[in-house]
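As recorded in TrEMBL, the features of this protein are as follows:
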BINDING   Glu5, Asp25, Ile27, Asp28  Mg(2+) binding site
Amino acid sequence: SFIGEESVAAGAGSILTDDPTWIIDPIDGTTNFVHRFPFVAVSIGFVVNKKIEFGIVYSCVEDKMYTARKGKGAFCNGQKLQVSGQEDITKSLLVTELGSNRDPEAIKIILSNMERLLSIPIHG
């Protein structure tokens, strides 16, 4: 099976089943792309039994290929990636994305979540 983000965004339905399924977003960061903000990627995932097996993200502008496979780790251009050892959230950088849903109820939830996140004493 195939699930394409662009077709789902256009209103096409999709149902994730146990069948092997490719999930593809050919322009991950569509809003960035439309506004010529250079952070866009091609994202591809492969799912079996509703569980991710591997994923690939190609960051076009940076020319970086991120790959990950269940139980095998994550890589950037073939080099193994590691998470930081930082366990103290007050010494961390928080990154978030607000999404594109402007439904009033969704905005309430997003702002409530942001308020909780911003009350944590983080670096930024």
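The backbone N, Cα and C atoms fix where each Cβ goes, and this holds for glycine too.
Within 10 Å of the Cβ of Asp28 (Mg(2+) binding site) there are 19 other Cβ atoms, across all protein chains. Sorted by the number of other CB atoms within 10 A, the binding-site residues Glu5, Asp25 start with Glu5, the lowest.
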